[in-house]
Each structure stands twice: as C-alpha cells, then as structure tokens.
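In Swiss-Prot this protein carries:
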- LYS35: active site, proton acceptor (ACT_SITE)
- TYR256: active site, proton acceptor (ACT_SITE)
- ARG130, MET304: substrate binding site (BINDING)
- LYS35: N6-(pyridoxal phosphate)lysine (MOD_RES)
Amino acid sequence: MPRPILATIHPAAVHHNLERARRAAPDARVWAVVKANAYGHGIERVFEGLRAADGFALLDLAEAERVRALGWRGPILLLEGVFEPRDLELCSRLGLWHAVHCDAQIDWLAAHKTQVPHRVFLKMNSGMNRLGFTPERYRSAWARLNALPQVDEISCMTHFSDADGPRGIAHQVQAFQTATRDLPGERCIANSAALLRHGGDAQVRLDWVRAGIVLYGSAPDHPERRAADWDLQPTMTLASRIIGVQQLQAGDTVGYGSRFTAQGPLGIGVVACGYADGYPRHCDTGTPVLVNGVRTRTIGRVSMDMLAVDLTPVPGAGLGAEVTLWGRAANGAVLPIDEVAQAGGTIGYELMCALAPRVPVVVQD
C-alpha cells in the first residue's frame, strides 16, 4: 500500500471563504488571487469553489493560460505585469489585464503593435517600497499611459504593508487618494487583511478587492485573530497515520539530537510525515496535532519522513490511528494551519505553498 500521508483540498470551504470575503465588501467586485498555484492548493482543484469570483488575479502567463483552459472568460489580472515585451502579445491573445509598475513596462507598451488595446492597472508604491511608482511620479506615469493608443483603460491600484498590524493603512490610503484625485478609472487597494480588518471603510473597498489568503482559510492577522474569528474554513487538510508506537521510560530520549527527554512513562506514536512532505522542521516539541481528532502535541525533532506525537490524551490510539497535521479531522475537529505555522516560526501561507510534490492530493467536499 502507499505511504499513508494525504493532502485533501476542500472546494466547498474555498467557496465559503469567497462568500465571506464578498460579505466584507458587498459593493465591490472580488479578485480571487490564485498566484503560486492557488497558494499551493492547485488552481484546477479550487476553480469550482471560485467560479463566483468576478475575476482571477495571478502572477504569470502560464497560470493565466491554465485559468483560461478551465473555461474562464472573465477578467484575469497579472499582478506584477509583464516581464518582457513579448509577453504583451499573449496578453492581447488571452485578453489579460495587467499591472504597470515601472517605466520599462510603459516603454514596452509604447513599442507594442496591437489591434487590441490593453487594460492596465497602474501600480502605486504608497509605502511598501516593492513595486510601483511613488506618489510624486504617479500622475506623470498615468499621463504617459493615457497618451498611448495601445492602452484602452487605466485603473489605479496599490498594496498595503501593514494592513494586518497596528500601524494600519491610513497613511497609505491618504497617499493613494491624494495622488489619484480626479483621475478616471477604477480603484483597487484592499488585500485580505485590509478587507477583513478595514472593509467597513468605503475608502478601502472601492471598486475591486483582492481576496488572497482569506480564500484559503488562514487568518492574515494570526495570532491576534484566528481563522474561526473571521468565519473562515480550512481549505487544505494534511493527514497521515501512526506507523509505529513506542513506550518510553524516564530518561528515554526521542529523535535526532535527543531534544526531548521523557520524565516518566510515556506512550508516543510515530507518524508518517516529515519535512520532506512540507511539514516545518522547526516545529519543536509542543506543536499542536490531532490524533483521532483529539488535540495533543509533537515530541522531539521533526525528521525527513517521520515525527513523533504524545499519545497521553489518546491512550487507545495505535497503529493506523488518524493524525491531522493541519486542517479538519474525520470527527470534524479543526487544527488551524496558522497554529502549526506559528510553532514553526512561519506563517500559514508558507506551509500551504511548501506542500511537497511527493504528497498525494485529493479533492473532497
């Protein structure tokens, strides 16, 4: 039989989370962000759950082609724009909208010969200092684009650096409003964190919102708030089984480096999951895990193919017992991916994207 580890994607939960995002901004259209292969879930696996989106936002042409191949005829936005001039031809052929964030991209458009004018989102660097034109240069970039016959419509967008934290977004909203005042076109500034935390503000919702991590059941502001606090459902479950049981005595150690020492008699289960499956190696003793739907903890260091769990809360568990590394157990109990990520010093986004190719994936509602 195959190794018992399995990832399960839940399209119904994806759909629920999309509707949750829409409730946060009922008067705006929603971009479903499916970059990085839908945050590791697989674009094709989540597509049915996202059909109700108003558009799909992603990073590259290959992802755009996959969405079109699924039958989507609505808007698709390239969040980083094109990476070289020849990409513009495929944008025309596929009917893609694309961000413009630098002078070179404007130059490429000016030299592009096309019968199909492009719809673009002009990106502002309102303080994150990643991509986009500074507020001081934004209007001149807009004027250059507006003069091009290759450009049909210009929308305005920016990205928040601190929507999930105490610094907030007011300073960036102000910079964006000042620089775009009186410019025509649609606006898009809210990401998942802004949508959930600041979506009640009409100055944030605007015409479009970008729903990213919120679609995949992770809280953008964990641990301040949990996914359940935002009514988000887990969209990925990583589960395995116990393949070995050991009975420890006081003084026995577990795993590489002997990082855990038993203080007395202790039953542990050995689970078929390790860092080669995408489980974070930095998750030390105490990381939450579910065995037969009962919450317990990991023991010792995570190795390439295995990890150990404390069986004290589930004394009847033995070979073949269900182990939920994150997501929803068979009995309905939920272990948020954010809690596991926090124990490993990272974020839920990274765990989703890091699921290893050797892990089988199924789709199940």
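Note that Cβ sites are derived from N, Cα and C of the backbone, with glycine treated the same way.
On a predicted model such as this, the values are computed, not experimentally measured, just so you know.
Shown on the structure are the features that Swiss-Prot records.
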residue : record                       : DSSP (3 states)
LYS35   : active site, proton acceptor : helix
ARG130  : substrate binding site       : coil
TYR256  : active site, proton acceptor : helix
MET304  : substrate binding site       : coil
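For the pair ARG130 (substrate binding site) and LYS35 (active site, proton acceptor), the Cα-Cα distance reads 17 Å.
LYS35 (active site, proton acceptor) sits 28 Å from MET304 (substrate binding site), taking the C-alpha atoms as the reference points. Taking a C-beta cut-off of under 8 angstroms and a sequence separation of 6 or more, TYR256 (active site, proton acceptor) has the following same-chain neighbours: GLY300, ARG301, SER303. Looking at LYS35, ARG130, the recorded positions in this record, the fewest other C-beta atoms within 10 angstroms of the C-beta turn up around ARG130. Of all Cβ atoms in the shown protein chains, 11 besides its own fall within 10 Å of the Cβ of MET304 (substrate binding site).
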